[in-house]
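Enquirer: Sharing a structure with you now.
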Number of protein chains: 2
Amino acid sequence: TMSPETAAGDSSGAPARCCSYHTVQRRLPVLRWLPQYSLWWLQLDLLAGVTVGLTVVPQALAYAEVAALPVQYGLYSSFMGCFVYCLLGTSKDVTLGPTAIMSLLVSSYAFHDPAYAILLTFLSGCIQLAMGLLHLGFLLDFVSCPVIKGFTSAASVIISFNQVKNILGLHNIPRQFFLQVYHTFQRIGETRAGDALLGLVCLAVLVGLRAMKGHIARIHRVELLSVRISRLIVWATATARNALVVLFAGLVAYSFQVMGSQPFTLTGETPQGLPPFQLPPFSKAEANSTVPFSEMVQDLGAGLAVVPLMGLLETVAIAKAFASQNNYRIDPNQELLAMGKTGRSWPSCLRTACNGAFGLCSRTAVNAQTGVCTPAGGLITGTLVLLSLAYLTSLFYYIPKAALAAVIICAVAPMFDARIFRTLWRVKRLDLVPLCVTFLLCFWEVQYGIVAGILVSGVLLLYTIARPRIKLSEEGVLLMQPASSLHFPAVESLRDAMHRWALAVSPPRCVILDCTYVSSLDYTVVMGLADLLQEFQKRGVTLTFSGLQGHVLQVLLSADLEGFQHFPSVEEAGK
Amino acid sequence: TMSPETAAGDSSGAPARCCSYHTVQRRLPVLRWLPQYSLWWLQLDLLAGVTVGLTVVPQALAYAEVAALPVQYGLYSSFMGCFVYCLLGTSKDVTLGPTAIMSLLVSSYAFHDPAYAILLTFLSGCIQLAMGLLHLGFLLDFVSCPVIKGFTSAASVIISFNQVKNILGLHNIPRQFFLQVYHTFQRIGETRAGDALLGLVCLAVLVGLRAMKGHIARIHRVELLSVRISRLIVWATATARNALVVLFAGLVAYSFQVMGSQPFTLTGETPQGLPPFQLPPFSKAEANSTVPFSEMVQDLGAGLAVVPLMGLLETVAIAKAFASQNNYRIDPNQELLAMGKTGRSWPSCLRTACNGAFGLCSRTAVNAQTGVCTPAGGLITGTLVLLSLAYLTSLFYYIPKAALAAVIICAVAPMFDARIFRTLWRVKRLDLVPLCVTFLLCFWEVQYGIVAGILVSGVLLLYTIARPRIKLSEEGVLLMQPASSLHFPAVESLRDAMHRWALAVSPPRCVILDCTYVSSLDYTVVMGLADLLQEFQKRGVTLTFSGLQGHVLQVLLSADLEGFQHFPSVEEAGK
């Protein structure tokens, strides 16, 4: 066993002195890149920032719709994340902002009420901060791949179908998925032709532009200027497609408005300017009473566990994916800190918000593609969002809901992964269980799906541990070889196997327990083995150990087992 | 790998046809021994039944005191278990009846109210029955040895201290442990001389008789008749010591009563005869209102999980211990059925009751020592309890509480195991954590201790799985060898190790992942390995696998990983 001297580029390998410059740098990553900032970096960051901004603004409006909140909240939530992550984040590509997943989760807890949404995001931020300070990042390890896949696939279906009503121009459809399906199909005859037509056109344009983007190669410097410019135009059109589609649809709606008829359902009034700087609402005034803090927290319930966890999972997943592509590492606990502080520093910003997305987040992908250099790109994006809040809100009035619905559907449809079912069937059938549980229960209630999925995969894991495979073979005596470590829940299973194959047969048989694959033992297992040794002695047969690893042997020796015998290998034990 | 043809004596190895005679026999074990019953067996069972009865009656009275219920409930709970277990139980030695542990648990949920105690035991029975039918016996595997030891040691201290007030003759002491300690010491000056003297004498006699019993050898047929008879007398005195001490104390108290003065605190009135045959109380009338069923269930709360689990754990533990001594096996799921039906068939019997004890149960030990042959011994014991309910209750009036306290203290003191702390320190220090958590929290609330202990040992187990040891060594390239199986929570840890030692160093290094000790992979791990393979490829280094077990290799091949290379051994991979 060697211990390599240095692990360059790995900050967590460094000595953790409390107040050194290095520690400050770790906690405030801005100090790492700011001293070296150059004009060339600024150019690239500026380009990336503007491009991302054009994606972010229409998405923010759309996700506010998914979260069932007034549109401006989508924008509020977009700019603050940009600024804070710029100071504290470890990944240059990630841009914090509203995502489809988080909007969906918020919608199921916030009951259409911004007060709840703000409190939820504030408390989620606090919880994430606490998790970061307590180094609880490892909890994320217990959300397995099938659970994530099941959840994102279900979310894709739920969010897409949620927008069908906007494309059809239907109103007053309930939010619960099954009721929504029922009511949408029941009232499909009430479809408004204008909304439906516009929605389908927008969808077609978006799909077309995305397909185009997938087919253009990267720009090379060796080509002709005209080729390069035309390619740049195509690329820019495809990248800013959300903004263009929304703009186009808004113009059409405005023209109809001027002409005095309006075939579309519009977004309507949006308050101008910044949200007031204030503490989150710790109580809520209703028609004739006040809902106190404790009751609001109770109403949020499981959301306080699910929202911080999933938010963090999204950001870490995306940050890791990009970091690995671009050769740097991120620190989950630092990410927690960054996200926690985002939530805390500006409570009035919707934390739906302060989250990346699951590898499918177009913003972050755009950021990486335009060659962003430092988290400063986020500053530019944030400024753009602020500017649109200040000057463009009166224009938001004319955005047709059907166009936003098309933007959302195009954003979330790729999250649905039908192949995963076939892949799991081929690779590991048992993992279909958590996948299906998560996928199906998510349609009932998103949080139930996630929690049930995590629990089911945990139970399957524990069951595997409690029932290790034990290989039996015959080498004169009976040879039993557990295929993996023996943890305390496995004792009964080992004991049953010994009884069944060695003690309960007549005459009783001698056993060699080959512990080659056993890498740790706890006290319960040691006690179980002590009992077994006694029982073997009582029947006049022997239980011998072989292939014990060094520290396992030490544990067994320190327990002073009566009649304990061990040999380095099965051959020697068999003699 | 062989598959032995038969496993004689192991009923669970038999084909599980639904309605065959064998299945009926499995579910009603009485059918196995009744057809062969003989006169000689009857003699032995009769002797054992009477001896056990003499232990059971005083214990039943004492444990009702521990459970904070009227004395007669101890007896009610004792006889029903005997009858039902006789029909359904698989272990001939176990006698169901009240135990110190169960009485303590019931006392903390029943609020001194028999209605709650009866409902709790009834529902616990139903839950155990459901667990038996659903084959959930494996849940018991997750209660580790340190948790059980911590709990029984704490219970021993709590129950013993709880009786100190009876020995001192103090009244109105609260039940919570810390308050009890405080009030007992504060009011130690109010000690009643009579109670204290009697209590200490009884304690001394009990301790002396137990020590004597430990020193007499078994009776052999070759010795002189007089020696054998005197030995038998000593043995009988020591075995029935509880009954003798209680009888002696009662006689003393009665003499004082006749003389007109009473220096002892007495048990007082006990209603005569059997409890009414009736359904358990599904609602409860109070002074001016009725407590509905739902509210009663809510009041019981966690008790509905803790009581069935611990009850089952006790019986299975003791039955297993005796079964292994006497060479037969018991079936945990059948035990669940037996216990479930005990609780259900006579609701009015206290299920505190229908439970064995943790290897320390004197009744069961006595049963085994007197050479009981079949569960029919339980019938005799049950009859004896019924007789004492019918004819002796008026005599119970005179039993001094201090004498019962002495019986209880002597019964539970041996459960305190001080050596466990030293043993764990020597064998496995990490297991001290669940032990101490359980032990200390039990003093606050017994159920918190048990639940916290189970959770802590679960978390430690999951942490071990999430952070497998990875052995690094240098053989030209870097060799990484996980010491145990890779389950999904371990992916991040493996990835971090790869980054730290191979990818984040410059130049990046080739790695051989030696999977000799990996016996299973799930989909999340496979995906993690796929990501790692891509990252290695991107850095221009290789990740090679070696020592893959057959089915692990199959999983990896079926996943079609890009760039996947494997070799049977490290030597070949290193070439």
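Glycine residues also receive a Cβ, built from the backbone N, Cα and C atoms like all the rest.
Sharing the record's features from TrEMBL:
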- A:475-575: domain 'STAS' (DOMAIN)
- A:39-61: transmembrane segment (TRANSMEM)
- A:67-87: transmembrane segment (TRANSMEM)
- A:94-111: transmembrane segment (TRANSMEM)
- A:117-139: transmembrane segment (TRANSMEM)
- A:193-212: transmembrane segment (TRANSMEM)
- A:232-256: transmembrane segment (TRANSMEM)
- A:300-319: transmembrane segment (TRANSMEM)
- A:372-392: transmembrane segment (TRANSMEM)
- A:398-420: transmembrane segment (TRANSMEM)
- A:432-463: transmembrane segment (TRANSMEM)
Enquirer: Quickly jot the same-chain residues contacting the transmembrane segment (A:398-420) by Cβ under 8 Å, restricted to those at least six beyond its ends, or write none.
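Expert: Tertiary neighbours of the transmembrane segment (A:398-420) are 58-59, 61-63, 65-66, 100, 146, 149, 152-153, 155-157, 159-160, 163-164, 166-167, 169, 195-196, 198-199, 202-203, 206-207, 210, 242, 245-246, 248-254, 257, 264-267, 358, 360, 362, 435.
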Enquirer: Between the transmembrane segment (A:39-61) and the transmembrane segment (A:432-463), are there three or more C-beta pairs closer than 8 Å, counting only pairs 6 or more apart along the chain?
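Expert: When sequence-distant Cβ pairs are counted, the transmembrane segment (A:432-463) does not touch the transmembrane segment (A:39-61), since fewer than 3 lie under 8 Å.
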Enquirer: When secondary structure is assigned with DSSP, how many helix, strand and coil residues does the domain 'STAS' (A:475-575) contain?
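Expert: Taking each residue of the domain 'STAS' (A:475-575) in turn, the totals are 46 helix, 17 strand, 38 coil.
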Enquirer: Check the domain 'STAS' (A:475-575) for me and report the mean pLDDT.
Expert: 86
